[in-house]
Amino acid sequence: MTKESSVKIGLIGAAGRMGKAIQEAASQQDIQLSGGIGRKGAEFGSYNDSESLAKASDVLIDFSTAAALKDNIEAALHHKKPIIIGTTGLTEADHQLIEQAASKIPVILAANTSLGVNMLAALVKQAAAKLGSDWDIEIVEMHHRHKKDAPSGTALLLGRAAAEGRGEKLEDIADLQRCPATEPRETGRIGFASLRGGSVAGDHMVVFASEGERIELGHRAESRIIFARGALKAALWLADQSAGFYQMKDVLGL
């Protein structure tokens, strides 16, 4: 029996776009899903809540909602099961809850689970460190019309990578919106622009602009299946880890 077929993965948020993509990817790779729950309870399997799903699983993947985060983490803690959190739109209190849980169980918080985006983040960090603050940084992202949070979690991931490259905290140098704008762009800031429309799975562009030249580093997701494959890879990896807080760069060795 292979590791892929022996690790039982519980899926929270199974009815959503990512949940359906994970089910498709799991069937393609012969990965075992122990069950899945959605907004109305059981989606497949016989588990109506995260508590019963955690009991029957070796590791959990959560792509549900921020409102359900507390219950999902408590279920993982109760049964001492690793959990991957792909939910976006989290508050500072949510992040504190995740950090506390990571002292007792393995936790991955992933704004984006694709290999390409995480490689992009590594490149952005390196570029920001080498180019310096006299190069302006702007991050542009576009998603489908149904996405609620803006900027996207991935855009913020890329922003943090750029800020870390400069030895800064994103919260101190981010311009999340410029409407209305009455002053010129301030040197050293990182700007964000969010577009919403159609069925776009996820486009991200990081622009480094200086006098007379610019560098554009980008990633385009053509299907959610890339995120699903990354999430499953992370779940199999996390099942073997000790308690702690991890990121996708740890899974991918970046």
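Even glycines carry a Cβ here, placed using N, Cα and C.
Noted in Swiss-Prot for the protein shown:
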- H143: active site, proton donor/acceptor (ACT_SITE)
- K147: active site, proton donor (ACT_SITE)
- G13, A14, A15, G16, R17, M18, G86, T87, T88, A110, A111, N112, T113: NAD(+) binding site (BINDING)
- R39: NADP(+) binding site (BINDING)
- H144, G153, T154: (S)-2,3,4,5-tetrahydrodipicolinate binding site (BINDING)
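The binding-site residues in question are G13, G86, G153, and the one with the fewest Cβ neighbours inside 10 Å is G153. When Cβ neighbours within 10 Å are tallied across all protein chains shown, the highest count among the recorded positions R17, R39, H143, H144, K147 belongs to H143. Highlighted in sequence order, T88, A111, N112, E141, H143, K147, D149, S152, A155, G202 have their Cβ within 8 Å of the centre of the Cβ atoms of H144, G153, T154, the residues recorded for (S)-2,3,4,5-tetrahydrodipicolinate, and are not part of that set.
Taken residue by residue with DSSP, the residue listed as 'active site, proton donor' is part of neither helix nor strand, so it is coil. Taking a C-beta cut-off of under 8 Å and a sequence gap of six or more, T154 ((S)-2,3,4,5-tetrahydrodipicolinate binding site) has these contacts in its own chain: A111, N112, V117, E141, G202, H204. Separation of the C-alpha atoms of H143 (active site, proton donor/acceptor) and R39 (NADP(+) binding site): 22 Å, rounded to the nearest whole number. The Cβ of T88 has fewer other Cβ atoms within 10 Å than any other of the binding-site residues T88, T113. Closest to T88 (NAD(+) binding site) in space, going by CA atoms and restricting to the recorded positions R39, H144, K147, G153, is G153. In terms of C-alpha distance, the listed recorded positions R39, H144, K147, G153 place G153 closest to G86 (NAD(+) binding site).
It is 15 Å from the Cα atom of A15 (NAD(+) binding site) to that of K147 (active site, proton donor).
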